[in-house]
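Before any comments, here is the structure.
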Amino acid sequence: MEWASGKPGRGRQGQPVPWELRLGLLLSVLAATLAQVPSLDVPGCSRGSCYPATGDLLVGRADRLTASSTCGLHSPQPYCIVSHLQDEKKCFLCDSRRPFSARDNPNSHRIQNVVTSFAPQRRTAWWQSENGVPMVTIQLDLEAEFHFTHLIMTFKTFRPAAMLVERSADFGRTWRVYRYFSYDCGADFPGIPLAPPRRWDDVVCESRYSEIEPSTEGEVIYRVLDPAIPIPDPYSSRIQNLLKITNLRVNLTRLHTLGDNLLDPRREIREKYYYALYELVIRGNCFCYGHASQCAPAPGAPAHAEGMVHGACICKHNTRGLNCEQCQDFYQDLPWHPAEDGHTHACRKCECNGHSHSCHFDMAVYLASGNVSGGVCDGCQHNTAGRHCELCRPFFYRDPTKDMRDPAACRPCDCDPMGSQDGGRCDSHDDPVLGLVSGQCRCKEHVVGTRCQQCRDGFFGLSASNPRGCQRCQCNSRGTVPGGTPCDSSSGTCFCKRLVTGDGCDRCLPGHWGLSHDLLGCRPCDCDVGGALDPQCDEATGQCPCRPHMIGRRCEQVQPGYFRPFLDHLTWEAEGAHGQVLEVVERLVTNRETPSWTGVGFVRLREGQEVEFLVTSLPRAMDYDLLLRWEPQVPEQWAELELVVQRPGPVSAHSPCGHVLPRDDRIQGMLHPNTRVLVFPRPVCLEPGLSYKLKLKLTGTGGRAHPETPYSGSGILIDSLVLQPHVLMLEMFSGGDAAALERRTTFERYRCHEEGLMPSKTPLSEACVPLLISASSLVYNGALPCQCDPQGSLSSECNPHGGQCRCKPGVVGRRCDACATGYYGFGPAGCQACQCSPDGALSALCEGTSGQCLCRTGAFGLRCDHCQRGQWGFPNCRPCVCNGRADECDAHTGACLGCRDYTGGEHCERCIAGFHGDPRLPYGGQCRPCPCPEGPGSQRHFATSCHRDGYSQQIVCHCRAGYTGLRCEACAPGHFGDPSKPGGRCQLCECSGNIDPTDPGACDPHTGQCLRCLHHTEGPHCGHCKPGFHGQAARQSCHRCTCNLLGTDPQRCPSTDLCHCDPSTGQCPCLPHVQGLSCDRCAPNFWNFTSGRGCQPCACHPSRARGPTCNEFTGQCHCHAGFGGRTCSECQELHWGDPGLQCRACDCDPRGIDKPQCHRSTGHCSCRPGVSGVRCDQCARGFSGVFPACHPCHACFGDWDRVVQDLAARTRRLEQWAQELQQTGVLGAFESSFLNLQGKLGMVQAIVAARNTSAASTAKLVEATEGLRHEIGKTTERLTQLEAELTDVQDENFNANHALSGLERDGLALNLTLRQLDQHLDILKHSNFLGAYDSIRHAHSQSTEAERRANASTFAIPSPVSNSADTRRRAEVLMGAQRENFNRQHLANQQALGRLSTHTHTLSLTGVNELVCGAPGDAPCATSPCGGAGCRDEDGQPRCGGLGCSGAAATADLALGRARHTQAELQRALVEGGGILSRVSETRRQAEEAQQRAQAALDKANASRGQVEQANQELRELIQNVKDFLSQEGADPDSIEMVATRVLDISIPASPEQIQRLASEIAERVRSLADVDTILAHTMGDVRRAEQLLQDAQRARSRAEGERQKAETVQAALEEAQRAQGAAQGAIRGAVVDTKNTEQTLQQVQERMAGTEQSLNSASERARQLHALLEALKLKRAGNSLAASTAEETAGSAQSRAREAEKQLREQVGDQYQTVRALAERKAEGVLAAQARAEQLRDEARGLLQAAQDKLQRLQELEGTYEENERELEVKAAQLDGLEARMRSVLQAINLQVQIYNTCQ
């Protein structure tokens, strides 16, 4: 606020208004400034607080002013005066018994006389207390609360020596002190703080109004609010309480006297001392809390007193009360609050919508409303309620069509009291959030309706006594009809769904279950007709009663561990039947076909033979259909059979089969051609618990294989006899209901009975499965147990359909309880395959327990698969050939095993190593030990083998590695030891491969110490690199340490040629914070690598920099916007200040600065010489002219300026000394002397203080006194002498200053020279010559140091006070020494700069340019063919190198071009490979299409065959039906005639010619299937070639990728030479892998071809069987022979085709491989050349970089480094050639092994 801060405000007319007046306007405190400030118009009360005018509160209230003591109040009282002594009369009489009257009673001095009056002789009246009374009280009692601002008391006598002012705001009940006044505050009011007050409410004691002067008309003034103290909140309650008063009291506590009353107690003396007060002014105003601008007389106060400040406020802002301290009656919506400036805090009217005229304020309501409204209306009318009468009373509601202020806004509710809540109460108003609708009745829980007059749906019986209104319908909701009321609203009767019953609709009808919300209420039980015992189910769960081991709600599922038997479950195998001389034909099962038989195989039944089946364990008495499974021997074979059922006894008439006649047990059957199952014409009735014998007899058979070849007859093959229950006779099919008829129709339509015809089960229609399950449950009374054999099955559970268990390998049977044909050894692991050798065994079957195969002559073993001991060459076994020195040989190769007598070889035909001789000779061929020098087994045998020389007949030893000599008796070069001693041997010298193995002196022959280490190694084993080298000595890879001198520790790297790095890794010893193998770069977040002392931290500001990194050369951090400086901790460029607070732009005159950046902390501009000023915009001291043309002043200015500056300095020092003397006294520099004198004076005092003073003490005192006087004299003389010396020193100092002025001018000139040199250094600093830069920097540091010393010498000022007389001499010596040193340093700097300039001019780039660009570069760029440094082409790009230039740049460009060319070649090879891959894919696609066409032809033939068979079957069934019809007894002639007519009407859909032609086409198609072999053989060849081409393309692509990587390596020029060797080794490994892949592919091709051949042969065999023109089958032996010959032919054909495919594949693979290999070799040669060139470039680049860092001194060493690298590359090339030769030998060996494998040689 302005008045609190001391800022002047302005009034209405704009005049300056002091803060006192503003405070008066705000707080009614105008008295303090009333005398100084004229009255202003007080603003109205409409915009804020308003206050009444301020005046004297005593006016009109004289009767309310009292005093505790008044003179002459009871009788006249004399008094005297002490002032106006010139007057004759000194004593007077006081008579205050009557009021004062100037004419009648002028001696009355009552307290009412102090009220201000403006009479001309107002000093004639005053108040006076009684004589000598010190404690007097003056008190004003006001009729109301007032604001009190200040008081003024004017005394006629002395002002009181002590007094205090008090106030009361509660009409005198409590008092508080305003201020204490006292001449002696400590004595009168102890503990009260002294004035001035620090805070506006401090109670202090003030002394300035209690002085004894003046003796009359002295004033005491007190202001409540001190204008010098700021007030934070003028509207605070503490300020208001401080100003508010109802009573004011002044306590006078002590009189001022002249002191005579203390010595003379007479009454006359006391008559002079009393209190007399001319005037008392108490300023204030009516206290209205800012709610009134005027006041009226209070009750009982005079109404027309002129100038009276009345006490009753004329309230505004809707307030009332004497002080406006309350709100008006109907304005209680807000809490009462004093008005404030800018806020009236007016009381707000209550909102009662016209329904009330009174209200009250409720603070709780106000707080709950968020301090918005607190008024509560009282006595709401018109049926309203609420705080604002805004609601309707209970049982009334708000009419939405009328305004709330309408008296008829609330209407009575219209609700049925029986069905509504609260006796008919409705919603009083609308509220969408709460769901209230005005006038809406609130019904009971079970009542609805606009008036709540009816029951809710589902309830009935409306009653007023029911708290919920209605009763709930006792109906089950699930069984009740939906969509309406569930019961009658009056009676409660329930409405049930169609399938629901019960009083409450809570039960299902019989045969139904699951009461639910469905449309019908319940669901049918739908129990399975066969799996359930009863059609009724559980009403709650729907569970039907199941037969044994049937589960599911409907009993339609089989329990786990049980199964539903197939219709052919009752099967009896022919192999287990009885008969005379029955021949069992076993049949092997292949993995590629589904068996068409059951059991082991078949029984051959010849004409006239009989087989007997024993039938037991039947499940049910019923009719069973008889099925006979058989297999014809020729395609058109037929047979006639007779089946006789032999019962155990006569059939009882009461049994289920009582209707059976004896002739019914003899049944004739006919086996038709091309059928596999015979269904006998009629079923037989059998009963459980009985044993039946069914005898089957073959009565006749016939057929032919060719029209010209009659059938010779070989019987038929019988598989099994099946008793299939005739399920159609079951009640589920034969019942007369609609469900039974539908089940029968479905069973017949989908031919569900065909499940039991064939052993192989095809998927049935989904409609058959539930019917078969039900029928099976009826026949077998539920499900049957699996009974899986625990040894032969994988699980105890079986297939629920049919009961087939999961068998282990080689195990068959439903229960997995027997070995399959061709397997043996039934046990926990299943059965093992016989695996009889087809070459050595007579049959593929073996004995079922032991697995022994039936061997041919000469074969041996369990599987007849090898020769006997001493023979080989299975199956053509022959004796072993071992020269009598072995008993066994290899069964396949014939190589002898376990040769004796030191022999070896395949036939024991040679001696083993270490022996010699010829064991093939019958005599004298023994193997003898080699004498090298002793034989094997001794400790001195050092040869691998030996032989006898044919010419000299001497034994020649083949020494082991490390030995030499005729008998291997000496150590070879590179080895050491003494083999001549027993146990001695030669050992390889452990030299880590770093010696010449052919050098005899490479190592010591006795100790093995290495003597001639190679490859920069040393040590006793050449196992360490020499000092200055690093690497792995064992790998011959010691390289010279390449350390950057700038980043390397100089103690570990004194020179470039001798740097001690880590011998293993080559890591150089880096300076602090330097990284890199060569110490050539700073660590992250460090910079200044070129300092030679390590790198410095970036120290980037953590928040003002973008990151911790900086420029590695300049150290500049990457700053955020708005920040600058090296570390981003300063303001940005051309700014200054604290970046954390504010940055300001540099305000510098660009004409007067030497750099644009000002001082970053102070903003001072950096002025050029001769310029000064804050902005560098004026001439400096010592310069004249008009800026910017500033010129140095005359030379005399410097002398006079020095004198002036010296005088100014002396003046400042003298001023400082004066301040020190003022603070510390006169001691100063003579403090020690004064302390000495003080000590002696102390001794004198001690002597004087002594009681017993002796003569000696007195003499000692006199002596001390004389000593003191002498010391004082000497000190005075010393001071005089020092003052004279000081004058001399000042004179000499002036002369020295004059000399220093000249020296300063010289220093300025030197600074100018140094700046010029600094500019030259900046120019040289941007060059790339580090050595020159270091020298210049060193010189610059020396120059800087010299400048610093010169400046120190120039500006040093000696102190004349602290130094003695020799200061001048030392100053002259110091200046002389500095001048000589400066001259010497300056001369040295000039000489160094001269040398540096000369050296800089001699530096040439021609050598470097020639090495890099190929030309010296001394010619102009326009004529230079190779360019160079600074040359650019037409496009502005740097030009270096070109055609005919042999520099490093040209060489690198050439290598880059070659690499790109290589990359293009590789890309082209990849494109070609992609083409090959596409052709391979096309070939494979064509092969697959051919195979698909062949398969389609085969499928079509099979389909045609199936159609023919189906037609035949239908024809046979038709004939059989006709026969059955004709044989029936009830057939009448008309029916027979009708059937005959229909039979005759049947027409064949084709003529005999069409049938013949169709048969010919089928035969032709079948014959054409023979070409499938050729087609697929060619196709397989194409596939193999395609796969081989694909593999070749993939290998070529992989190698191309390898070459591409190598090309990228060359292009980058960063890989090592060893990568070439690694790539070559990888190529060799790739070739080996490719060869192995080729071998595996060949094997896979052969396997696939063999499988395809077998499949085609099988297809051809089946086609020949189907062909009508095939030859008839021969006898079994002839058939077996034919099959064997056919197999041999097939094997031979397959072998020939394999050889042909192998030949073609080898030719193609060989050609492709040679092509790829040649291409890879060419690419490898190019890559090796490019790598060698890249290695050369890298070494040259390293040499150039190192030469530049070492001041171009190592250019001579590049040639040596190049030659060394050339030699190393030659070694690597030789190693690579050796690896390539090794690769070729490995490939040859692999090819040889492949050939051997393919030819089986």
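Each Cβ is built from the backbone N, Cα and C atoms, and glycine gets one as well.
Annotated range for region 'Disordered' in Swiss-Prot, selecting from 484-503, 964-983, 1684-1703: 1684-1703. Among Cys1041, Cys1079, Cys1082, the cysteine that Swiss-Prot records as disulfide-bonded to Cys1061 is Cys1041.
In Swiss-Prot, the annotation region 'Domain alpha' applies to 1413-1445, one of the ranges 93-125, 324-356, 1413-1445. Annotation in Swiss-Prot places Cys853 in a disulphide bond whose other cysteine, of Cys836, Cys867, is Cys836. In Swiss-Prot, the cysteine linked to Cys527 by a disulfide bond, out of Cys508, Cys544, is Cys544. Broken down with DSSP, the domain 'Laminin EGF-like 2' (350-412) shows 6 helix, 18 strand, 39 coil. Ranked by how many other Cβ atoms sit within 10 Å of their Cβ, the glycosylation sites Asn251, Asn1088, Asn1311 place Asn1311 at the bottom. In summary, the domain 'Laminin EGF-like 6' (786-833) lies against the domain 'Laminin IV type B' (564-780): three or more C-beta pairs, each 6 or more positions apart in sequence, are under 8 Å. Cα spacing between Asn1088 (N-linked glycosylation site) and Asn371 (N-linked glycosylation site): 68 Å, rounded to the nearest whole number.
Per-residue confidence over the domain 'Laminin EGF-like 12' (1098-1145) averages 89 (mean pLDDT, predicted model). Mapped onto three states, the DSSP output places Asn251 (N-linked glycosylation site) in strand. Asn1311 (N-linked glycosylation site) is 82 Å away from Asn251 (N-linked glycosylation site) when you measure Cα to Cα. Separation of the C-alpha atoms of Asn1311 (N-linked glycosylation site) and Asn371 (N-linked glycosylation site): 77 Å, rounded to the nearest whole number. Each residue in the domain 'Laminin EGF-like 4' (473-524) gets a DSSP state, and the totals come to 0 helix, 12 strand, 40 coil. Within 10 Å of the C-beta of Asn371 (N-linked glycosylation site) there are 10 other C-beta atoms, taking all protein chains into account.
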